[in-house]
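**Student:** Let me begin by handing over the structure; questions about it come next.
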Amino acid sequence: MSKFENISKRSHELDPCTNSNYAEFKVVHTDLSLSVSFESKNISGNVIYTLKKLTKTNRLVLDTSFLEVSTAKVNGKEVVFELLPHKAPFGSPLVIPIDGENESLTVEVDFRTTDKCTAIQFIQGDTGPYVFSQCQAIHARSLFPCFDTPGVKSPYKFTAKSPSVCTMSGRPQPSNEAGVYHFDQPIPIPSYLVSITSGNLHKAPIGPRSDVYSEEPSLKDCQWEFEKDMENFIQIAEKIVFEYEWSRFDSLVLPSSFPYGGMEIPNMTQLTPTLISKDRTQVKVMAHELAHSWSGNLVTNCSWEHFWLNEGWTVYLERRIIGAIAAAEAQEEGRANPEKYGEQVRHFNAIIGWNALVETVESFDPKFTSLVWDLASGDPDDAFSRIPYEKGFNFLFHIETKVGGTKEFDPFIKHYFKKFRYQSLNSAQFIETLYDFYTPLGKKDALDTIDLEKWLFQPGLPDDPKFDTTLADQVYVLVEKWVDFVKSGETEVKFSEADVKEFEGEQEMLFIETLTDRFKDLDVSPELIRKLPSIYPKYAASKNGEVLARWNELLIKYGNYTSSDEQVKFFADWLGTVGRMKYVRPGYKLLQTSVSIEFAVETFKRFEDKYHPICKTMVQKDLNLA
């Protein structure tokens, strides 16, 4: 058995997270029409699949979850369908009888969402009613009947009806009817990338092929945050991979309850408002979502068991983009050796990611700390963490190092994305392609030194990658001064904000999180911790979510605060203003472990109705409420 066959046999042949019989069909085209009702807080719709049968099957099985299905038609004729009982987390299979002989067919289904829909959230926006969807990983089935697996990709035509402006996962098309919006997506996409948003949306340009959308009050801030870098990001990404194929790269800044940092919706990337920090320190999230235009959207993991193929590649490309931007800016500033500086910036970002990986491995379910997961009976949302992002990045960085660096790895990047574009693949196909590419170049022996078993299937951390620490060392020097001070037992504090004056955004984050990590092994007095806001007032006053979350972790973890202290009250109230799970889930865990479980639950109960259904469910699990 070859190593590729062995890797292939170690994961499921078919996606275990879908009830559909997707392997028996090719989806030629999908037409999806959605109608928004703000009064009823639901979305009704119609989906038409143009299918080609790959077997003699006499039934079509689609995924649904908490959907009302009213009619089903096959080749224009109404048929009797069966909606099987709901079983969490995979929903209710929709079984539609079809002719076993005809190779080509169209299937049409009418449906409506219910109040149990996990994909959509109706809220009151800043200027009026608002609805948005979030279908990753397996929530598209609660929006419309579908093959809810990344293993199926289809071109789409979308129609949306709403009294408010709509965006969907495609390029806007002309409409002659008020309240009706048309979109075309000629590039095949999977169900989790289907999206609808409707609200009082306005747009502003942030580049020659990019607009940003948001509600009016925040539009100018959104425009300022992204306009400096957007087109540069696209052009650099095109040099690393190849030409951007999606025509336009527009983005939408969503309300605060959006549960992720960003979501790579084709032609309309969704972004959390926590990115609007008014200092451009978080634009790397935009670089990440842009990178998804190749990794994830053009080339897709075939199931959520191979999620690292989406996210590991995306983080890798994101850091290449960020490094190249830094090098270009260094050259403009007349710095010596700008290319070297750009590489130092890339490595510095990798160090931040490595720290997140270490923290995740220490606190997460071990079975989900491998790159390839077994999701036969599990909800992919339960497996979601920094693992596929950061361990995936480190795997690709390890390969890059083994084959001789970026100059040797860059041709493979272009080859890989050209070979698999418009397709979905698994980890075995990736490894096989890697060997096919490098063996003729005399690098098979180098690849053979990579422990594929350990990287792909074993839980835990990989070996320390030994990143360039040049930019991190400035931070570590200050941290060591703090460690020495605590160990000395001195009481006169000699630190001030001047210590961090020269730090840039990412360095500040590294400083706070490294201090938090080092303090766990020291006897740090709560009195000293409570002095920190007066020593570093810029952190105490920061509106940047990355700084704010880390700063409050440092204070609450070691400050011996109670639920009646203003610091804890402030942080608890902040958790009610953000919906991004990156902040919300660790935030409640912090309250649980460092204040009290009762206070954590009480705070969650106060804000739970503000959170997106995905976020609400995950916090309930974290606090043992579900």
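Glycine residues also receive a Cβ, built from the backbone N, Cα and C atoms like all the rest.
Okay, these came from Swiss-Prot:
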{"type": "ACT_SITE", "residues": "E289", "note": "active site, proton acceptor"}
{"type": "ACT_SITE", "residues": "Y389", "note": "active site, proton donor"}
{"type": "BINDING", "residues": "Q134, C135, Q136, P259, Y260, G261, G262, M263, E264", "note": "substrate binding site"}
{"type": "BINDING", "residues": "H288, H292, E311", "note": "Zn(2+) binding site"}
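Can you tell me where each of these features sits in this structure?
**Tutor:** Sequence-distant neighbours of E289 (active site, proton acceptor) (same chain, 6+ apart, CB under 8 A from its CB) are S251, G262, M263, E264, T269, L271.
Around Y389 (active site, proton donor), the C-beta neighbours below 8 angstroms that are at least 6 residues distant in the chain are E311, G312, T314, V315, G353.
DSSP assigns Q134 (substrate binding site) to coil in the three-state reduction, placing it in neither a helix nor a strand. Under 8 Å, Cβ to Cβ, and six or more positions away along its own chain, Q134 (substrate binding site) finds A119, I120, Q121, S195, F258, P259, Y260, M263, Q270, H612, I614.
H292 (Zn(2+) binding site) falls outside any helix or strand according to DSSP and counts as coil.
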**Student:** If you measure Q136 (substrate binding site) to H292 (Zn(2+) binding site) at Cα, how many Å is it?
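**Tutor:** The separation of the Cα atoms works out to 14 Å.
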**Student:** Around the C-beta of H292 (Zn(2+) binding site), how many further C-beta atoms are within 10 angstroms, looking at every protein chain?
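**Tutor:** Summing over all protein chains shown, H292 (Zn(2+) binding site) has 24 other Cβ atoms within 10 Å.
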**Student:** Residues other than H288, H292, E311 within 8 Å, Cβ to Cβ centroid, of the Zn(2+) site?
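**Tutor:** Other same-chain residues near the Zn(2+) site: G262, E264, E289, A291, S295, G296, N310, W313, T314, V315, L317, E318, Y389.
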**Student:** List nothing but the largest Cα to Cα distance in Å, as a whole number, among the residues Q134, C135, Q136, P259, Y260, G261, G262, M263, E264 that the record says bind substrate.
**Tutor:** 14
**Student:** Taking 10 A as the limit, how many CB atoms besides its own sit near the CB of Y260 (substrate binding site)?
**Tutor:** 22
**Student:** Would you mind listing, in sequence order, the residues at least six apart from H288 (Zn(2+) binding site) in the same chain with a Cβ closer than 8 Å to its Cβ?
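**Tutor:** In sequence order, G261, G262, T314, V315, E318 meet the Cβ cut-off.
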